[in-house]
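This report concerns only the one structure given below.
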Amino acid sequence: MTYNIRLAGVGGQGIITAGNIISEAAMRSGQKVIMSEIHGLSQRGGSVTVDVRIGDCYGPIISQSSCDLVIGLELIETFRAIESFENVGTALMSTEKINPISLSMHKKEYPCLEDLMEKYGMGTRIYPVEAGEIAMEAGSSKAVNIVMIGVALGLNLFPMTADEVVYVLKDTFPEKKLGINMKALELGIALSGRMKTNIRENSTIQNRSS
Amino acid sequence: MADLVQFIDSKIEKNPVFLLGNEAIARGAVEAGIEFASSYPGTPSSEVGETLSHVADKLGIKFLYSVNEKVALESAFAASISGMRSLVFMKHVGLNVASDPFVSIVYTGTRGGLVIMTADDPSMFSSQNEQDNRHYADLAHIPMIEPSNPQEAKDFVKAAFELSEKYHIPVLFRTTTRVSHMRGPVNVGEIPKIKGTRRVFERDPERFVSLPVNAIGLKKMLMEKLGEIAVESDMSFMNKAQSNMVSEIGAITSGSGYNSLMDAVASHSIEIDVLKIGFTNPLPRGMIAEFLRKHDKVVIVEELDPYMEEKIRAIAQINGIRTRIYGKLDGYFPLVYELNPDAVLQSLARILNMPGYIQGKSPKTGVDLPPRPPVLCPGCPHRGTYYVVKRSVRMSNIKNPIYASDIGCYSLGTYDPFDEADTLISMGSSIGVANGFSMVTDQKVIAFIGDSTFYHSGIPPLINAVHNNLNMLVIIMDNGTTAMTGQQPNPGNELDYNGKPVTGIPIEDVVRGIGVSNVSLLDPYNLKESFATINRSLHQTGVSVIISRRECAIIRDRKLRKNGEIEIYTVNQDKCGKCMNCVENFSCPALFIEKGEIQINPSICDGCGVCAEPLVCPFNAIEVKK
């Protein structure tokens, strides 16, 4: 069995870093991991995806029908990731918005969450996460990726423990940045506790109150 | 990145290490004891250089980014025939540039092991074509090795060096994007101490001087050598028959195709024997014949061209084997793009008659999420250049200009709102095609080329243009780095990848040396002056060169952020006239519209301030954020 994760976002959001942390933690827990990094044309600003496959598998490509978890660091990119599969087990979605210039150039505004949900969110269990605010609370807007890892851990969406992730964080970040990222992870885990309750109460996919 | 820092310290007791395919290749080369490496950066091969550049000095390896792939290969060849194990690596089209020496050094042979790594790009994630470089193995009669994953990448590189040294022949090491950019666990081995001393080249003109009189004998020797190497392929650990030969059906596969096949059969419990080939030229003919004989049906699973399939069908024919072979030639597998488990399953379902698995259509249609193509970064100097050129051309009333673009970040000038690329073919082709356009049309020809690309392949066509009295405006967009592949240095720099002083070669000296008299410099952050310069140049005849010089924004931001010096901008809504020029025509990714107002995203703005200039914002509404 393989557990398949797609991380999606915009170049510069720390998607590859997040993929590495998840992968290294899974490796630490004794599992086989394969991760794909497709560096497209863009240095910054384009859509970026990283796939992590945990378990017994050969290649980095996730089959259309077997994506277990989408972690989106940006709204539109989360839906783009969901749409690229036939079905997705669970999606964690940061409510961060990064405007694609294809919109502003044509004098259009960023679509609202409700519309996106209605159009693309049906049939997928989506957890919106106010990761941007929490990252700021942790000390840096750049820590959205780690907040999301924390939330996923708290919701038991990773086949590994928080300790294994903490070990990798300590290995990944220099002293100066470790504090912020540890805090981001903790806040993410804490938030997931509140989210669980919300989901159970509403039992709908449109849980926006977290 | 953690693994780069730990790269040298990755001892066997730390195993396994989580490495990218390209990092694993670098590690394998280091474990093989290379003493020389060279490259011209190109995705998806660039991380080999990223990795080596971090460790080369510490390990005593001579590493350099060469001006182009041809020079990189020739340098590595010289190191090899001086006795050093040498690695040279490039993207697939890079081998086209290096192809001239590539074919001939297989004739002359080598001394220290020489491995030539080429990274193909099926599905063209970051390339202009998806040429299948396996054909180069046939063209040059060079042995070829292909890994499927990072562990194999590391192990096979070592084997490639052994093979090269045993037969005094270069070895082609071919990966694809998915293998080069796949991260996985790798059991690393010991790193040997290398001699690191200078060598004495022992002359042997009968081998290394490829005059016809010598080449004629070398060709015959090469073919004999290749015969011996074919025997080696039949015994190689890189070629392996898997499973217990229980099945009527077999598959012969290699590289990334192997991964897709295995994932497809594993998830659907399809019983199939697999012959995995890592040593792909010469193919293990005996092993393949035996495998064919043992199966009624054999499926060839490979990406891009039916390279193995044609040869396997020939093996069957020569040996009188009547096994039914399925592949691309009979239409069961696609001739384009990379394979994936779903595509392989579809083909297998047709071959094995599994109707339940055959899909009628692709599942997702009608997705109209706003696209997010790659864009010029916030603060990118190319934005200013493209913005001003477009305006100048319009203001000068130039009808039907021809924009000849080139390979690099500035390729993105092809997208709206700039739309300033009519051709884009290969490194240096901007000036090359400008030669032809100038000869056969009366249109204004404007060539855009980056600094690194200019050094790589832009100089000969510029000589051609000056020599033949042609008309064109060449705009050399000098951001002081090879930006798109990750900010590798180029001959314009005063420091090498390691911060050691080297001799920077000013573009203006090269251009003037060629005989261009109209040479101007501009700063694309200063739109007003740029506008005047471009206007002037547009009205000149003959060859004019503008050097648009400004440091790459990524490098600039890195420095400024470190010192905490970034001043970001904001829109003063009281002053904003809502003309929308900034979002429509300048289109920095930091600018967006919310509730009808133009805003600047503070986490994206890099403070270049170009949008605040009157040529972009006539209302002076864009101000430094207090």
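Backbone N, Cα and C atoms are what each Cβ position is placed from, and that goes for glycine too.
Annotation comment: TrEMBL describes B:C576, B:C579, B:C582, B:C617 as [4Fe-4S] cluster 1 binding site. Counting every protein chain shown, the number of other Cβ atoms lying within 10 Å of the Cβ of B:C576 ([4Fe-4S] cluster 1 binding site) is 18.
Taken from TrEMBL, the feature [4Fe-4S] cluster 2 binding site applies to B:C588, B:C605, B:C608, B:C611. Around B:C611 ([4Fe-4S] cluster 2 binding site), the same-chain residues at least 6 positions away in sequence with a Cβ under 8 Å from its Cβ are B:Y569, B:C582, B:F586, B:C588, B:L591, B:C617, B:I622.
The domain '4Fe-4S ferredoxin-type' feature in TrEMBL is assigned to B:596-626. Per-residue confidence over the domain '4Fe-4S ferredoxin-type' (B:596-626) averages 95 (mean pLDDT, predicted model).
On a Cα basis, B:C605 ([4Fe-4S] cluster 2 binding site) lies 18 Å away from B:C576 ([4Fe-4S] cluster 1 binding site). For B:C579 ([4Fe-4S] cluster 1 binding site), the same-chain residues that are 6 or more apart in sequence and have a Cβ closer than 8 Å to its Cβ are B:P618, B:F619. Summary of the [4Fe-4S] cluster 1 site environment: with the site residues B:C576, B:C579, B:C582, B:C617 set aside, the chain residues having Cβ atoms within 8 Å of the Cβ mean position are B:V571, B:G577, B:K578, B:M580, B:N581, B:I598, B:V616, B:P618, B:F619, B:A621, B:I622.
Across the domain '4Fe-4S ferredoxin-type' (B:596-626), DSSP assigns 3 helix, 7 strand, 21 coil. Counting neighbouring Cβ atoms within 10 Å of each of the binding-site residues (B:C582, B:C588, B:C608), the lowest count belongs to B:C582. Non-local contacts of B:C605 ([4Fe-4S] cluster 2 binding site) by the CB criterion (under 8 A, 6+ apart in sequence, same chain) comprise B:P378, B:I568, B:Y569, B:C588, B:A590.
Shown in sequence order, B:P378, B:G379, B:Y569, B:A590, B:L591, B:I600, B:D606, B:G607, B:G609, B:V610 are the same-chain residues outside B:C588, B:C605, B:C608, B:C611 whose Cβ sits within 8 Å of the Cβ centre of the [4Fe-4S] cluster 2 site.
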